[in-house]
Structures are given as C-alpha cells and as structure tokens.
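Engineer: These came from Swiss-Prot, pasted as-is:
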type     : residues       : note
BINDING  : CYS573, CYS582 : [4Fe-4S] cluster binding site
BINDING  : HIS675         : chlorophyll a' binding site
BINDING  : TRP692         : phylloquinone binding site
TRANSMEM : 70-93          : transmembrane segment
TRANSMEM : 156-179        : transmembrane segment
TRANSMEM : 195-219        : transmembrane segment
TRANSMEM : 291-309        : transmembrane segment
TRANSMEM : 346-369        : transmembrane segment
TRANSMEM : 385-411        : transmembrane segment
TRANSMEM : 433-455        : transmembrane segment
TRANSMEM : 531-549        : transmembrane segment
TRANSMEM : 589-610        : transmembrane segment
TRANSMEM : 664-686        : transmembrane segment
TRANSMEM : 724-744        : transmembrane segment
Amino acid sequence: MIIRSPESEVKIMVDRDPIKTSFEEWARPGHFSRTIAKGPDTTTWIWNLHADAHDFDSHTSDLEEISRKVFSAHFGQLSIIFLWLSGMYFHGARFSNYEAWLSDPTHIGPSAQVVWPIVGQEILNGDVGGGFRGIQITSGFFQLWRASGITNELQLYCTAIGALVFAALMLFAGWFHYHKAAPKLAWFQDVESMLNHHLAGLLGLGSLSWAGHQVHVSLPINQFLDAGVDPKEIPLPHEFILNRDLLAQLYPSFAEGATPFFTLNWSKYADFLSFRGGLDPVTGGLWLTDIAHHHLAIAILFLVAGHMYKTNWGIGHSLKDILEAHKGPFTGQGHKGLYEILTTSWHAQLSLNLAMLGSSTIVVAHHMYSMPPYPYLAIDYGTQLSLFTHHMWIGGFLIVGAAAHAAIFMVRDYDPTTRYNDLLDRVLRHRDAIISHLNWACIFLGFHSFGLYIHNDTMSALGRPQDMFSDTAIQLQPIFAQWVQNTHALAPSATAPGATASTSLTWGGGDLVAVGGKVALLPIPLGTADFLVHHIHAFTIHVTVLILLKGVLFARSSRLIPDKANLGFRFPCDGPGRGGTCQVSAWDHVFLGLFWMYNAISVVIFHFSWKMQSDVWGSISDQGVVTHITGGNFAQSSITINGWLRDFLWAQASQVIQSYGSSLSAYGLFFLGAHFVWAFSLMFLFSGRGYWQELIESIVWAHNKLKVAPATQPRALSIVQGRAVGVTHYLLGGIATTWAFFLARIIAVG
C-alpha cells in the first residue's frame, strides 16, 4: 500500500467579476458617498467631493474593498508616471538639441523646449550654444540618456512610444484588477510572498537587468563617446549585444566568455566591473564600470534576500515570528502585535514606507552632487542645484506625509483594547516625557544656534570683528565632521585598499576634477560658518519632528481633550462650549508641521546653493588657478544674519530681478507671480470664517436684488478648508519663488 502525503491545494486568490463596470456610476459625481451623491446644496459640496474622493476609508469599512481600490489606484499612478516619462522622452526626440549636446557637452547647454513666437515670448529662447535657441533645461535627462547609451533622437522616439504603450497597459491593469479579477484580502496580507517577489523580482532582477544593460550597451557606447567618436559612427546597441567580438575589442575579458566565472577567476572581469572610486576625469561623473559593478552586487544581494521568507515550500523566515521574537530586556512585549497592525492598517504601512522613502530621497539629494552619477552632470551647475533642491523638497513632503498617515492610523485603526505593553503602547505611555524633552531640545537649539548669529551681528555692527565667531577670530570648528571627512579621505589606503580613490572627492585629500575648464568637484572645506548653519539645521529639523510627533502621540487623547479619538482626524475646535481647543486635531499638527518643514528645507537649500557657489563651483585657468563663482565669501559672510540677507538673498537675487528683457525674463515673472501666490495664502491663514461669511451674505443680497442668485448657496470655506488652501498656496508660492531665484541666478552665472 502506498501512502501519499495529501496534495496541497492551490488557494484561489482572486474574485472573478466582483464589480461591474458602469459608466453611469462614473458620471455621477460623489457616487461613493450617499450625502455627496445627492448633488450640491451649497458650495461646500465641491470641497467635500475633493476631500473624500480618495479617502477610501470613508467609502466603506470593508478592508478587502479598500485594499482593491488602493491597488487599482496604484496602476493609475503608474500610468501617469509612464505618460510623464513618455512626454520627457518625446520632448528630447522632437524639440531638443540632444545630438548637438552629445557631440560637445562642455560648450552646449541642454535644451528641450522651444517657445512659439506669440506675443513676443520668443525672447525666452536663449542661445544655449551650437546655434540652438531654446529654454535651458535643468532636469538631468540629457546626462542620464548619455549614461544609458542613447545616441540619437530616434531611440528617444521609440522609448517615448514604448512608455505610452506601458501607460495604456497600466490603465488596463487598474481596470482589470478591480472589475475583472480582483485579489482577495488574503493576497494583500501575504507579506512573505510579497517580500520575496518585490525583493527578488523588482529589486533583484531589476538591478540585474540594469547591470546587464550597462555592461552590454552603456559601457561600450560611452567608451566610444569619451574617445570622441561621432555618435553616428558608433555601432547600434543590438550589435554589441549580439556580437561578442565587438565587445571583446573594448573589454578583452569578454573573449573568455563565462570561463572565469565558473573557474572563480573573477578578477579577470575587472576591466568592466571595476572598484576605482572617485570620478572619471573625462566626464566628471562616477566611473560607469563602478556603477555596473554596483548594480550587479546589489542584484546578487536582493536575489538572495528574495529567497529568505517562508511561502509555499515551508522553509524560510516567517515575519510574524521575527517580530514577536523581537524583545529586549527593557521593551516589554516588544513588537508583539505589530504584524497584525501592519497587515490590517494600510495607513500604518504607508507611514513607515513614506518615512523610509523620504529619508532615502534626502540621501539621494546629497549623493547627486557628492558622487555625480552621470557624465557631465557635475559641470552643469543649474542641473546640480535643481536636483538637490528637488530631492530635498520631495523628501521633506514625504516625511510629513509619514506623520500624517501615522496619525490617521492612530485615530482610525489603532485599537487600544488589544494592545498592552508592546513597544507602541510603551511609547504612548511615556509620551509626555518624550515631548517635553524634545521641546527642551528645541528651545536649547533655537536659542543657542540663533544666539551665535545674533552675537556675530552685534559684534559686526559695533565694529569688533576680533570678537566674532569666525575662522579668523573665535573659531568654532566642526571637528567631528572634519574627522569623518578625513577618515573617508584616507579609506583607500586603509579600509578599502582595492579602491584607487575615496568614494567622493568632497571628503578631501584628492585633487580636484575639472572638465572643460569648469570645476566638477573638489574637497569641500568645513569651518565655523558651516558649524553655525548646521545648528540651524538641527534646530529646524527638531522643531518639525516635535510638531509632527506630538500630533501622532496625542492623536487619540490628551490632557486637554481626553476623547480626541471620537472627534476624528481633522476638526477645527472641540465644539463651541470649550475655548482654547482649536488647532489640536492630528490634521492641524500636519498643517503646522508643513510650515516648519518648509523652514527646514529652505535653510538647507540656501546653505547648499551658497556653499557650492562659494567653495566648489567655478572656472579653472590653464595655470590651474580656480576662480569660484562668489569667490569663497561663504566662510566670512554667512556668519551673520545680515550677511545672509545682503550677500546671499539680495546679492544673488540681482539676476532674477534684472532679468526683464532677457531670455531669463520668465523667471522674473515667476519670481513676481510666486511672491503673489505666497502672499495670497496669508489671506486664508490670517482671517476667520465669519469674516468671509458676512461678506458673502452681502454679495448674495446684491445678487438677489438683480435676480441672478445661483441655486447653489455660497458658503465660506470651513476652518480646516481655509487652512488647507492657505498652506497649499504658502508652500507653492514659496517653492516657486525659490525656484525662480535659484535658476535665474545659476543659469546666468553658471
């Protein structure tokens, strides 16, 4: 008799045709809410429609349905991303000087937009070199395209069309996985399977295929371009892929095929998988052979990581077990219950992801200039400044979003009855200690960092430079930062003997790299001025964290309002009967946190912009003499508030203020208009709802007199809506003002 083990049944993880596709539903605004679907009585309706359209929690309490909506929306998001990418590549193919730039990247600026000659705006088409007139772009796409081996505009066209096809495919997938084959809740909660697929598939195979592309296509094409070969003479990508002898002429180890791999003689491949460090002196970018090696290594790591978790085969880690075993001597139940939180609250999940993604986006901002990855990126100062600023803002917004969704989790998804003595419960129980200590740290940092500047302003005003904190008087050197720099500069001879240079020239020790008479990168000196502004960074970051963390930890209750959880995520005040309870909702903490995030990031990008112009960016003469854009004035000028106002804001705003009548005049108009948008926000932030309602009643009376009153009653914005509109215009106006100021300046002088 043969005893067979029972066959494990394959679980069916999708529902077929769960929701029929209906254009009638689609055409009925607010179909997701009984109240909104009735149509507008007052103008508040349109605001509620926008506020709740994507708040899937408010449509239904069924977690499976919510999960499906989020999943479907992700495909819509991907579709928009592909559409945007397609547009970028199409502009490169149709309206750009990419081929001209490729032939002479040091003298020709990148442009992919030509303004039509209407109302005289053709003045905006400046001469970017090589006889091409257009708007100079600072997105870094040209440098990225060169690094990936794109040599002509036809290839850009094909990629643009491919991206459109993918956009359509994503739209279809979003519809299909909601209406035709919708995953069950168990599928969304199968974290081990998800980890395996995301790690091995997205990150592992993704990195591996990119490494493959770099080795077989990017490296040989860039080798030819660096040698000055005309792009039209370079073999096409498929010729390198199909013809190994062609690659072997450039990288001899290709002739040996896979033999060195299987005989473990891996060092043979060092000609195209290198470990050099530093920058390529021809392009001022990281060595592309280093980058290929990096992606191959990352691929191996993630392919291994993608096989660690227990799925159908019964071997590997179980995430629930890992979390529940995570206990220390002082942490009570540790992470017990965290698995349940993260598989039933997508807000908690999203909060963690936003915090990590935001942090890594800020890390990207800092690496883009210190280790410029693409050819000729380092000498395109406008692009350098834009990429840093962009990634800093994005990172700031994502981190505030992390706090927002953590607070929504606390209000909507946290169940205090089932949580006892786990880490989250312990944090909540000593939240007063956390917040009061953090508050003390903020006060300390604020008074001391600002106090150092005020001292300097006072001494400067009284004509006592010898009593100022500066590199030439009372020194406050950032000794820890200098030690970190020094350690990394010495790494190639000590901790990384295989490397020929340190990871970044900014650490020091190395020589400068100049390309086409412009500085790509050099060791960045840190002194008293940096010590001062770094403490302003510490101050603004801690205040942002204080506001956001207070919002999360007190989202459900506080001494002032013990029943806050019942009032929800956003509410203006605790009813008319209790004074002094406004701006206590979790939503209000996000609102207030956004302003401090704006403060924090502004100081960072101002510091970066001035420091780079003063100590890094500039031209180099044939004799090797470096002339920086602002002549190294950062160390002595930025140590007073007056110096920041006079030598940074005012002195460097001259380009945008004087841009009228030149090809930069659009930035002058934006500078003006964005100031206006910013000022407009104050109207919403400083005035109350009653003021506007009173005005509206008067205007409605006039309409009634003339018999032109609308059927929908006008209503003043609610308090929360007014704050939302206010902070949006504040941030939008502030960011656009900064953008115009930075770009007009750097395009003019860079």
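Glycine is no exception: its Cβ is also placed from the backbone N, Cα and C atoms.
Note that the structure is predicted; figures quoted are calculated from it, not measured.
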Engineer: For CYS582 ([4Fe-4S] cluster binding site) and TRP692 (phylloquinone binding site), determine the Cα separation and express it in whole Å.
Structural biologist: 19
Engineer: Among the binding-site residues listed here, CYS573, CYS582, which has the most company in the form of other Cβ atoms within 10 Å of its Cβ?
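Structural biologist: The largest 10 Å Cβ neighbour count belongs to CYS573.
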Engineer: Within the same chain, where does the transmembrane segment (195-219) have neighbours whose Cβ lies under 8 angstroms from its own Cβ atoms, ignoring anything closer than 6 residues to its ends? I mean 6 or more beyond.
Structural biologist: 147-149, 237, 240-241, 247, 250-251, 272-273, 288-289, 291-292, 295-296, 298-299, 301-303, 305-309, 311, 319
Engineer: Please report the three-state DSSP label of CYS573 ([4Fe-4S] cluster binding site).
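Structural biologist: DSSP call for CYS573 ([4Fe-4S] cluster binding site): coil, neither helix nor strand.
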Engineer: Excluding near sequence neighbours, so keeping only residues 6 or more apart in the same chain, what lies with its CB under 8 A of HIS675 (chlorophyll a' binding site)?
Structural biologist: GLY733, THR737
Engineer: Tell me, please, if the transmembrane segment (724-744) and the transmembrane segment (385-411) are in contact, taking contact as 3+ Cβ pairs under 8 Å between residues separated by 6 or more positions?
Structural biologist: yes
Engineer: Based on Cβ pairs under 8 Å, which of the stretches 385-411, 433-455, 531-549, 589-610 lies most in contact with the transmembrane segment (346-369)?
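Structural biologist: Ranking 385-411, 433-455, 531-549, 589-610 by Cβ pairs under 8 Å to the transmembrane segment (346-369) puts 385-411 first.
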Engineer: Could you check whether the transmembrane segment (433-455) packs against the transmembrane segment (531-549) - three or more CB pairs closer than 8 Å, residues at least 6 apart in sequence?
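Structural biologist: They do touch: at least three Cβ pairs between the two stretches lie under 8 Å.
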Engineer: Do any residues, 6 or more residues outside the transmembrane segment (589-610), come within under 8 Å Cβ-to-Cβ of it, and if so which ones?
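Structural biologist: That would be 369, 385, 388-389, 392-393, 396-397, 399-400, 403-404, 407, 533, 536-537, 540-541, 543-544, 547-548, 550-552, 583, 630, 634, 638, 644, 648, 652, 723-724, 727, 730-731, 734, 738, 742, 746.
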Engineer: Could you give the residue numbers and ranges of same-chain residues that sit at least 6 residues beyond the transmembrane segment (531-549) on either side and whose C-beta is under 8 angstroms from one of its C-beta atoms?
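Structural biologist: Residues 399-400, 403, 434-435, 438-439, 441-442, 445-446, 448-450, 452-453, 456, 469, 476-478, 481, 589-590, 592-593, 596-597, 599-600, 603-604, 607, 638-639.
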Engineer: Name the residues of the same chain, 6+ apart in sequence, whose Cβ is under 8 Å from the Cβ of the residue listed as 'phylloquinone binding site'?
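Structural biologist: Result: ALA716, LEU717.
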Engineer: According to DSSP, does CYS582 ([4Fe-4S] cluster binding site) fall in a helix, a strand, or coil?
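Structural biologist: SS state of CYS582 ([4Fe-4S] cluster binding site) = coil.
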